[in-house]
Amino acid sequence: MMKNVHLAPEADEDDLYSGYNDYNPTFDTEDLENDPAFQQAVKTSHGRRPPLTAKVPGTSSSRTLATGYGSKTTLSSSIGRPMTAAVQDGVARPMTAVQAAGYTKAASRGAAFDPLGQARGPAPPLETKNEDSPEGKIKQLEKKVNELVEESCIAHSCGDLKLALEKAKDAGRKERALVRQREQTMSPANINLDLTHTVMYCLAGMLKVNMANIYLKQRNYSKAIKFYRMALDQIASVHKEIRIKIMQNIGIAFIKTGQYTDAINSFEHIMSTSPNLKAGFNLILCYFATGDRDQMKKAFQKLIAVPLEIDDEDKYMSQGASSYVVQTDRKATAEKYIMTAAKLIAPAIETSFAVGFDWCVEVVKASQYIELANDLEINKAITYLRQKNFNQAVETLKMFEKKDSRVKSAAATNLSFLYFLENEFTQASNYADLAVNSDRYNPAALTNKGNTIFVNGDYEKAAEFYKEALRNDSSCTEALYNVGLTYKKLNRLDEALDSFLKLHAILRNSAQVLFQIASIYELMEDPNQAIEWLMQLISVVPTDSHALAKLGELYDNEGDKSQAFQYYYESYRYFPSNIEVIEWLGAYYIDTQFCEKAIHYFERAALIQPTQVKWQLMVASCYRRSGNYQKALDTYKMIHRKFPDNAECLRFLVRLCTDMGLKETQEYAAKLKRVEKLKEIREQVSWVGW
């Protein structure tokens, strides 16, 4: 067993691994086919047997083992190191390593043990990457494409659509150059197909989508459609969700251009492959635009059949509020689409909107949205109300009196409102009571009940109903507005102001709220604050003649005639029939000695109130004040013919005729005496009767 092991003489100080780098015919692989030892090792398990070892039991001292070339090494193992090149059948077995790992000649001479080579110092610096190589150029080009895509997205998010479009186009050009360069410099086997697919998907497909979105924002719908279609060609069919969204955008772009037939094709494809609420609603809009009744009905049925996409796990989860919120939002969105679609197509699918509503109600009743049927019926009544067909509205709502409490309360609330508009306050109060009794937490019902009490003058009780409505729904703006009016009627101005200021925080641009705040400040004798709030009001509604007139009145009370004239004049421009404004403007011109300009306003007042003699007398007075006595005389004569018993007109006729030396003086004087005598007789008769 040890016949092939030869002990080397200890005096041999030759190199421990000398001869390893010399060529040995044993390593000549060309003659392996004729090597009987090698062929035996391949055909049998001979080559897999463990190598022979030299064991020296019971010692831990260092012993030397000879290698196949007569060199020696030092062993520290108690069982000996495995042979690395035993001689079998007269043929030396090839060595397994050119240089032993961690063992050198220096180690045998007492040098420090350093198996990791730490004494050799730091590793040399990495070789500098050559960016001019084809691989470096490809990496740089790919990096540039990614940077351009990122810059395009950033520019789009900042609203710079032009820059975003340019960056996207540049990225598209460089991406095509990248693909060509990869094909030229790499063999098909070395091209990373996954990376190529990713680049095509992200930079070709999604880039086209982003460019199409930009064109859509710019209202360049033809180019948007073109790029959306290019994106569809480049995005694989496995990305179903993205393709559906792109097709939906294509349909919307077609709607924008009025190409409803093409839009219908897009939405019909979506509804046949992956139906959703938006596509279904848009499909209904397209058929409504084309006036196709039958297709509107079919599209509505498809919309009703769209699943809510709530899986069983989400549907029956009891813990956590997030899943419930998601389900509620989805259902609310679906109901919104269905209600809007029904209200849209109901008047168009049948000969009358009532028949159309009935068809929609029947379809809804047979679907998963059965609870929407009652809401559609109530909307039918509201449509009657908008058409001012109160009888039909009332008849429709009365059908709900025997329904469940929620529906009954909603119907009774609408009935109460209808009767309130018709000034039938008793009926309004009865239905308000029915609504409140059916649902005490209905803020609209409580508000209606408060309104019926308000018109009867019981402001304290009305305020209680309004406050209860606010406790049930703090965002009920109608109740908050009405409680402010109630406090104003009760002269509790601080509470009224507080209510309207709260409402102003909710409805920032409500003209009614702004006017009420200004009115309360005026009642509180704070004209500066009143003017400030009225200025806010006319910034919201600059053509409100009443607000402008109120500003003129406040400035007039403050003694600022020029500002008062400015706002009164603006008020007259927008509404030239306000007698109070006309009278103020006429009087202003008389006070400023521009009587000729005052004539225009008093003539306007005479047209508005032809039976009021004072406006015509003011016209004649303006002529007289301006020195046009003949025109004044003619005007007074015309007034006398219309109002022969007017004593003031006769007095001015007598004065003018006397000043002008006319012979009609005696005639008008006699008439004046007769009129004055008749006036005395009437006063005496009324005194006796008293």
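Using the three backbone atoms N, Cα and C, a Cβ is placed for every residue, glycine included.
Because the structure is a prediction, the values reported are computed rather than measured.
In TrEMBL this protein carries:
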COMPBIAS  58-77  compositional bias 'Polar residues'
REGION    1-77  region 'Disordered'
REGION    114-135  region 'Disordered'
REPEAT    244-277  repeat 'TPR'
REPEAT    443-476  repeat 'TPR'
REPEAT    477-510  repeat 'TPR'
REPEAT    511-544  repeat 'TPR'
REPEAT    545-578  repeat 'TPR'
REPEAT    579-612  repeat 'TPR'
(request) Would you mind listing the long-range same-chain contacts of the repeat 'TPR' (244-277), meaning Cβ under 8 Å and 6+ residues beyond its ends? (result) 209, 212-213, 216, 219, 221-222, 224-225, 228-229, 231-232, 235, 283, 285-287, 289-290, 302-303, 305-307, 333-334, 337
(message) Which sequence-distant residues neighbour the repeat 'TPR' (579-612)? Criterion: at least 6 residues beyond either end, Cβ under 8 Å.
(response) 545, 549, 552, 556, 561, 564-565, 568-569, 571-572, 618-619, 622-623, 625-626
(request) Count the residues of the repeat 'TPR' (545-578) that DSSP assigns to helix (H, G, I), to strand (E, B) and to coil, and report the three numbers in that order. (result) 27 helix, 0 strand, 7 coil
